[in-house]
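Among the features that TrEMBL reports, domain 'Rhodopsin' is placed at 35-272. Here TrEMBL flags 282-309 as region 'Disordered'. The feature transmembrane segment is assigned by TrEMBL to 18-39, 51-72, 92-118, 130-154, 174-198, 210-230, 250-268.
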Amino acid sequence: MSTMISTEYLSESRQADLYAAVSITYAGALAAVGLRFWSRKIKGAKLWIDDWLIVLAQVCATAMLINIYWWVSRGYGKHREASGPNVDYDFFLGFFMAEIIYTFNITFVKYSILALYWRIFGRETIRWPVYVLTFIATAWCIAVLFLSIFTCVPPKAFWDKTMTNARCEVDQKMFLWGISIPNIITDAALLLLPMPYLLRLSTSWSQKRLLIGSFLLGGFVCIASIMRLISVIRQDQGPDPMWHWVDQGLWAITEGNFAIICACLPALRPVWMRLFRSTKTTPQQSTSAPRLWTIGGRGPSSGKRSRKNLDDSLLAPTINSTVHPFEPISDSNEEANEVIYAPTSGDYTARAKLENYELSKLESAQ
C-alpha cells in the first residue's frame, strides 16, 4: 500500500499553521500580561492574587509553546507515513502533555477572572457566585487531570503502545466531549456574572458600554471553546491522528492564549487612558469650581485634605437623583471610609458624585 502513496500526499503539511497559531497568540498573551502589570504600576497599586494567577496561566502558556514546538518537530501536522519510526510514541506523548498543560492553563485563567471580580466589585452579593464557580472550576480541573493521567493504566501505556497488560478504557472522543461542554458553560457563566453589577453603575450609558464591552470581549474565548468542540465532533478517528487532529490542536492553542488576553482586558483601563490621552493641555479650573473632597482618616484638615476634580468626561447634563450624597456605593463595611463628599449646590449633583466615585473605584481596582 505504501507504494500507492503519492509524493504530494507525503509532502502535505499543516505544521506552519500550528507554528503560527501558537507563536502569534502566545505573543498576544504575553503582551497582555505585560500591559496588565504596567497598568498596576500606573495606578501605583500593589499586585493582587488575580495578577499572580494570570502569571501562572502565562507560565502554562509558555509550557504549551515549548510542547507544540517539540511536538511539531516530531511530525505533528504531517501525515503519519511521512514521519519517523517513533511516530506513535512521540505523537501521543505530546498529546498527553498538551492535555495536562491545557487543563492548568484554563483553570488558572478562570481563577484569575474570579479573583478580579472579587477585587473590583467586592460585594456580598457577588461572593456566593464566585464561590460556586470556583468550586465548579476546581472540580472540572481535578476530573480532567484524573482522566487525562489515567486514560491508560499504567499512564505510560497511553504513549507507549508496546506495553503489554495495559488497559486503555477511556474513549478519547467522548472524553473530549466531556471536558469541552462543561468548559463552555463555565465560560458563559463567567462572561455574564459581572453584567448586573455593571448595569447598576450610576454612570452614563457611554461609560457603561465601554466597561461592559471590555468584559464581553471574553466571548472570544467561548467562541474558541465552541470551535474546539466542533473540531472534536468532526475529528476523524482513523489511523492518522497526526493529520486529522490538527484542527483540535489549533483551537486548543487559540483558546488558552485568548483566555489570558481576555482575562487581562478589563484591567487595562489605565493603560488605554495613558496611551490615548489627549495631548491638549487641560485648562486650569477657576477657584470657584466645586471640588470633590475625600473624607475619612483624621477628618477635615484644611492643609492636608486630598481633593479630586471631577473628570470632564463625566460632566454630563445633570439629572435629579434621590441618592443621598453621603450614601456609600458599596455594601462592604471596609469601604465606608472611602465615601466622597460632593457639594449639592451648583451644577454638580449626587449623580456626578456617584459617576466619579464608581468609575474611580473600578479604575483603582484595575
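Residue positions begin at 1 at the first shown residue.
Glycine is treated like the rest: Cβ placed from N, Cα and C.
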Residues of the parent chain within Cβ reach of the transmembrane segment (250-268), under 8 Å, 6 or more residues beyond its termini: 17-18, 21-22, 25-26, 28-29, 32-33, 35-36, 39-40, 50, 54, 57-58, 60-61, 64, 68, 98, 102, 105-106, 109, 112-113, 116, 120, 211, 214-215, 217-218, 220-221, 224-225, 227-228, 231, 366
Local confidence of the prediction over the domain 'Rhodopsin' (35-272), expressed as mean pLDDT: 89
Beyond the flanks of the transmembrane segment (210-230) by 6 or more, those residues with Cβ under 8 Å of it: 113, 176-177, 180-181, 183-184, 187-188, 190-191, 194-195, 198-199, 201, 248, 251-252, 254-255, 258-259, 262-263, 265-266, 268-269, 362
Non-local residues, at least 6 beyond the ends, that sit with Cβ under 8 Å of the transmembrane segment (92-118): 48-51, 53-54, 56-57, 60-61, 63-64, 67-68, 70-71, 74, 76, 126-127, 130, 133-134, 137-138, 140-141, 144-145, 148-149, 155, 158-159, 161, 179, 183, 186, 190, 193-194, 218, 241, 245, 249, 252, 255-256, 259-260, 263, 266-267
Distal contacts, the transmembrane segment (130-154) - CB-CB under 8 A, six or more residues away: 96, 99-100, 103-104, 107, 110-111, 114, 117-118, 163, 166-168, 170, 172, 175, 178-179, 182-183, 186, 189-190, 193
